[in-house]
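Read through the structure below, which is laid out as structure tokens, and then see the notes.
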Amino acid sequence: MRDAIIADPLLAIDHETVAEKKKQSKNLKISLLLLLILLATSGYYSFSDNITTVFLSRQAIDDDHSLSLGTISDVVESENGVVAADDARCSEIGASVLRSGGHAVDAAVAITLCVGVVNPMSSGIGGGSFLIVSSQKDSKAEAFDMRETAPLAASKDMYKNDASAKSLGALSMGVPGEIAGLYEAWKRYGRLPWKPLFEPAIKLARDGFVVYPYLGKAISTKVAMILKDPGMRSVFSRNGQVLKTGETCYNPELAQSLETISEQGPGAFYNGTVGEKLVKDVKKAGGIITMDDLRSYKVRVTDAMSVDVMGYTVHGMPPPSGGTVGFSMVMNILDSYSNLYTASGRELGLHRLIEAMKHMFAARMDLGDPEFVNVTNSMNQMLSKAHAEEIQKRIFDNTTFPPEYYMNRWSQLRDQGTSHFCVVDADRNSVSMTSTVNYRFGAGVLSPSTGIVLNNEMDDFSTPTEITPDMLPPAPTNFIEPNKRPLSSMTPLVITKDGEFVAALGGAGGMHIIPAVLQVFLNCFVLNMKPKEAVESARIYHRLIPNVVSYENFTTINGDHIGVSEDTKMFLAERGHELKELSGGAIVQLIVQSFKEEKEEEMIIEIGRKIGKKSKPLKGLLTAVSDPRKDGKPAAV
């Protein structure tokens with residue numbers, strides 16, 4: 001992995017870059033003119049200032065006002081580009097960016113901003129993200145770490161007198177990185193101008209958007225918190241009552257903040273009026289973030305961590321994400337079996353997966369921010385195939401064990417929340433991105449002057465004095481230090497085979513993310529399920545402590561029932577697993593590329609090898625699936 005490139009917080013728009021992208025946009029218009037004129041007549045585009053301006057498509061507008069989520073497919077297919085996000089409006093916005101000739105990163109900017117508006121309980125520009133970009137042009141994958149950092153005034157003992165302040169209130173806020181990271185990715189890969197990518201999100205925030213069921217449910221679980229905070233109350237309640245599903249939510253202050261950033265660039269956030277307003281509100285609410293914190297924020301750009309597992313190459317985030325390392329460790333353990341699943345059924349493979357995950361969760365708390373702690377030895381061991389084989393010998397098919405058997409030393413990180421989406425464009429450039437404000441509605445504070453929900457990412461750090469349910473000591477590698485980034489479960493992945501795009505996937509749901517992404521991957525690429533079945537199949541989860549297998553058994557927002565079979569539960573119980581029903585689970589988005597003739601695909605790849613040159617990327621059928629566990633829907637070009 002090459003050394004990280006530390007990107008400046010970008011105090012103003014790079015006008016040379018903007019001019020170049022305007023030129024590119026103009027060239028794209030010439031080739032797409034007839035198509036765009038046709039689309040404009042049906043409400044998909046309008047033209048402004050001689051550039052293509054992306055607006056909410058007619059489909060997205062209709063979806064927003066009808067709430068007819070059940071009429072939109074959970075699966076779409078296209079050879080020209082697809083999006084899978086956890087909100088139908090945001091998927092359609094991303095697809096409309098692709099239709100106008102945008103790169104997958106252009107679409108990612110618009111989608112991220114949209115999700116931050118319509119799903120503010122999960123993400124927003126007051127939070128942070130991990131983003132993987134896979135570029136077919138040069139066959140490389142890059143990782144953009146825009147994770148929140150601890151403020152300059154932070155210390156490992158800052159919560160010793162009030163443990164609750166670590167998760168609730170402005171003191172729990174880390175320095176946001178999302179805007180800086182989006183700009184850095186756009187500057188490197190984007191084809192379209194910066195400002196138009198903001199317009200759909202601005203329109204939703206200013207003109208109002210319908211509260212979809214998942215947001216409505218989140219609001220209903222946080223009534224007291226919402227009504228207590230002036231900023232939250234102004235956006236998520238009306239006449240003393242919190243908003244309900246089907247009602248319209250407005251956030252004009254957020255619209256203004258987004259508009260300012262779209263015009264002035266990230267500098268408006270990190271060294272300008274938006275940041276100044278935010279810092280003032282944070283200070284008033286009891287936080288410690290200053291303008292120096294915003295000005296000192298840096299995006300980390302590195303080669304993606306690439307690991308070969310089960311015949312595929314997985315591209316993901318390096319630490320402080322524990323996702324790629326944890327995913328790869330479990331896959332290596334499972335790959336050491338000659339037959340992971342038996343002919344009689346999947347249950348034994350599921351037991352082996354649970355045991356492998358328990359070993360992984362025991363090991364991952366040795367990870368942390370590599371800029372502050374040396375994680376090389378821990379990573380090497382977790383990624384070692386020889387170590388995986390040794391662990392596999394400690395897994396018995398007829399029983400499970402108490403937590404101490406797995407040699408865990410530290411208290412587990414219990415991160416929460418997040419939102420994930422995937423994008424693949426016509427050229428097979430792909431983005432897999434997970435964003436978060438951590439808990440539902442983050443710190444429970446909304447900046448009244450900017451409309452920004454504050455994250456509570458400081459809760460993802462460990463502290464010396466905290467007492468956790470597992471009664472284990474906190475992990476020193478994850479202690480708070482100024483500018484440090486906390487450990488995370490976020491697992492955005494891009495999968496390739498012989499250099500060609502195969503899949504993009506990732507999940508939302510804190511500690512449940514890694515188990516969910518593992519199961520979708522296994523369903524799709526080992527059990528050979530169709531993409532829709534791979535995502536929708538019931539899942540199990542384990543955190544090591546408590547020593548309990550959580551199994552899904554619930555009805556989705558769309559009325560579909562998801563549940564683990566009685567035979568599976570009996571099989572696991574017979575091996576000593578304690579079982580607990582879970583009314584929900586992680587939300588996974590998936591895009592898979594398939595080909596009509598596998599032999600033809602293999603022949604093309606083999607020819608490319610023989611001539612020593614990479615041919616044009618293979619363009620098969622792209623299938624995008626949005627998880628029915630949330631009210632998202634995919635969209636196609």
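Just so it is clear, glycine is given a Cβ too, placed from its N, Cα and C backbone atoms.
Record note: Swiss-Prot gives Thr436, Asn438, Glu457, Asp460, Ser488, Ser489, Gly509, Gly510 as L-glutamate-binding, and the candidate from Arg89, Arg99, Arg147 in that site is Arg147. Record note: among 28-48, 196-216, 28-48 is the stretch given as transmembrane segment by Swiss-Prot. Maximum C-alpha to C-alpha distance over the listed L-glutamate-binding residues Arg147, Thr436, Asn438, Glu457, Asp460, Ser488, Ser489, Gly509, Gly510 is 16 Å. In the three-state DSSP assignment, the secondary structure recorded for Asn398 (N-linked glycosylation site) is coil. In the three-state DSSP reading, Thr418 (active site, nucleophile) counts as coil.
Here the C-alpha separation of Ser489 (L-glutamate binding site) and Thr418 (active site, nucleophile) works out to 10 Å. When each of the recorded positions Asn398, Asn438, Ser489 is scored by how many other Cβ atoms sit within 10 Å of its Cβ, Asn398 comes out lowest.
With a cut-off of 8 Å between CB atoms and residues at least 6 apart in sequence, the same chain places Ala538, Ile562, Gly563, Val564, Glu581, Leu582, Ser583 near Asn553 (N-linked glycosylation site), listed in sequence order. When the recorded positions Arg147, Asn271, Gly510 are compared by the number of other CB atoms within 10 angstroms of each CB, Asn271 has the fewest.
Counting every protein chain shown, the Cβ of Asp460 (L-glutamate binding site) has 27 other Cβ atoms within 10 Å. Under DSSP, Ser489 (L-glutamate binding site) is assigned to coil, being neither helix nor strand in the three-state scheme.
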